[in-house]
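Quick look at what TrEMBL annotates:
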type	residues	note
DOMAIN	2-185	domain 'N-acetyltransferase'
SITE	51	site 'Crucial for catalytic activity'
BINDING	119, 120, 121, 122, 123, 124, 125, 126, 127, 128, 129, 130, 131, 132	acetyl-CoA binding site
């Protein structure tokens, strides 16, 4: 089992599962809380080793440097045999990534789902319901459903896990090595339909603008016609400001007095 020579209860309020988002991880920085970093890094290394990966997927630094809302769920308990020690049971790392996914009929969907990025329960503590408890805790706290998650490069054991606990079969492998299941696409609209609706909306707005531009000369000619009727086809006289009791003022009243009714 994975033991940490430190009582994690000094850092974690929740047991047996702690949700570590970016803000929480920054607060638990290695200078003050080095056991947290050690626990994360060690479990990340064990996960990569168990999956036969050449590079580690999960570490404290990788979580801090992520830009896709990564969160680590860490399951732990106090060591019953050592008062100042803790036992780390498992980790589950998630994130939210913008993905293009295809269903069984080859229709493309653009979406930003909850993604399972790393999932590991220590070898000595497997087959005891720990993985299921950890996964269920994560789903509830993220407000999602199992059918709506995308899994990054799942191992055979993880696919078996999804089948055993959630009856999800026939995984749909994507070109990006993500896996989703058929119910994932329920109530989603393919990208081409969304694009077509956007194109129609843009086309309607463009047509309305063009129609408005075409009508501008007509409105201008109508304005000129009204002016021609009012002034007998001659040029529209210019109004010269003058006091109302002067000859020019009385002329203005005759020529422009009708404007007060418009």
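Heads up, the Cβ atoms here are built off N, Cα and C, so glycines get one too.
Sequence features annotated in TrEMBL and their locations in the structure.
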{"residue": "51", "record": "site 'Crucial for catalytic activity'", "DSSP (3 states)": "helix"}
{"residue": "119", "record": "acetyl-CoA binding site", "DSSP (3 states)": "strand"}
{"residue": "125", "record": "acetyl-CoA binding site", "DSSP (3 states)": "helix"}
{"residue": "131", "record": "acetyl-CoA binding site", "DSSP (3 states)": "helix"}
Residue among recorded positions 51, 119 with least C-beta crowding, 10 angstrom cut-off: 51
Integer mean pLDDT for the domain 'N-acetyltransferase' (2-185): 94
Acetyl-CoA site span - longest C-alpha distance across 119, 120, 121, 122, 123, 124, 125, 126, 127, 128, 129, 130, 131, 132, in Å: 15
Residues that sit under 8 angstroms from residue 125 (acetyl-CoA binding site) by C-beta distance, when 6+ apart in the chain: 1, 89, 90
Rounded Cα separation (Å) that holds between residue 129 (acetyl-CoA binding site) and residue 51 (site 'Crucial for catalytic activity'): 20
Residue among binding-site residues 129, 131 with least C-beta crowding, 10 angstrom cut-off: 129
Alpha-carbon spacing, residue 121 (acetyl-CoA binding site) to residue 51 (site 'Crucial for catalytic activity'), which is rounded to whole Å: 12
